[in-house]
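Copied over from TrEMBL:
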- 240, 275, 276, 277, 278, 372: pyridoxal 5'-phosphate binding site (BINDING)
- 278, 314, 318, 344, 372: substrate binding site (BINDING)
- 30-370: domain 'Orn/DAP/Arg decarboxylase 2 C-terminal' (DOMAIN)
- 36-281: domain 'Orn/DAP/Arg decarboxylase 2 N-terminal' (DOMAIN)
- 61: N6-(pyridoxal phosphate)lysine (MOD_RES)
Ligand SMILES: *Cc1c(COP(=O)(O)O)cnc(C)c1O
């Protein structure tokens, strides 16, 4: 459920007509609904009511806007970060350092050191050497780093290959069969409190079965590690729950997910950690765009919109589907291709799709653009960096400016030897 709906024939976000945002901020622009974010945060937490000890770490990479993070901090969410930049955002939003988990397959020594200095709550180790390096940095400063080992359960998440992370050939985690040996060698190190294990098998999962299979493997590993004398107090179950991008698609609900988790982890006696990203942010945002031209072609007409692949990369990157809807639909439909102004054919949002009839100048939205939308935006083709707006009730605020090409140009320079 979201808060983007037609009121008197025109789409609003909560109490604010999208037309008003387009007039005042221009297009393209991301529009987020605070009420939807809050609802998703609540529904995910409620779904896990059967899990007594839990920690919720919102995966910042899904939507790292500072205002969004502030809103989620107020909902009691910590963060899962994958870079120092994300760590800075979480701290700036008021999330306690101790509620932040540091994931990522390529944390540099500098990043490990800075995160330790900031007092981050947990390091999710991706390889043995990272653990020994972290232990040495911590011991050197008389600190102890809380850490878990990310394992690769070799489960096919059944999602797009580029966002599958739990198959043996993926770059993430250590093979489950290596975990015991790594624990034996890392656990005794001063400076490290290796307290558990982590997994994250992929994103946009449409079924619970792969998650359940992975969780069962982790449960068996916890038993094996305990039998070997290791104290396991934390298990990080990652993120990955998918959201419907197409009207009518049905996905497992947070309640169904939570019931599965409670059933599978019964008796584990650990604090369970969760890293939801898309399921919190996906349906909380749209990309508002204006139709520039409707261009007749050899086949279907091309609806050329002012949003492009640099603003919303998912269709070009993952062949992803985003529903497209007119802000003021007439009720009539047309079959069209939808594309942006960028000079490559990859800048296409849809082919041969039945959509609301639109004409030059009309406003429209790409739905379900709250996750992996603005965060992946670039300035390719020297376009402006797309701005973001947060709506709450009948008010809205620009929460990220449109960064103009002049500003980006100002950070570039011609070396002296080329100036003459
Ligand atoms: C991307 C990521 C997540 C969030 O994934 P979603 O599918 O958005 O829930 C969680 N944990 C890790 C380690 C990730 O890389």
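Every residue, even glycine, has its Cβ placed from backbone N, Cα and C.
The structure displayed is predicted, hence computed values, not measured ones.
Mapped onto this structure are the features recorded in TrEMBL.
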| residue | record | contacts (Cβ under 8 Å, 6+ apart) |
| --- | --- | --- |
| 61 | N6-(pyridoxal phosphate)lysine | 82, 86, 277, 372, 375 |
| 240 | pyridoxal 5'-phosphate binding site | 157, 200, 201, 202, 203, 204, 205, 211 |
| 275 | pyridoxal 5'-phosphate binding site | 57, 58, 59, 80, 101, 103, 200, 236, 237, 238, 239 |
| 276 | pyridoxal 5'-phosphate binding site | 44, 56, 58, 59, 239, 241 |
| 278 | pyridoxal 5'-phosphate binding site | 62, 203, 204, 239, 241, 242, 243, 371, 372 |
| 314 | substrate binding site | 320, 322, 372, 373, 376 |
| 318 | substrate binding site | 160, 162, 163 |
| 344 | substrate binding site | 309 |
For ligand 1, list the binding-site residues among 276, 344, 372 whose CB atom is within a distance below 6 Å of it, in sequence order. 276
Just counting, how many other CB atoms are there within 10 A of the CB of residue 277 (pyridoxal 5'-phosphate binding site)? 24
Neighbouring C-beta atoms (10 Å sphere around the C-beta of residue 372 (pyridoxal 5'-phosphate binding site)): 23
The average per-residue pLDDT within the domain 'Orn/DAP/Arg decarboxylase 2 N-terminal' (36-281) comes out at 96
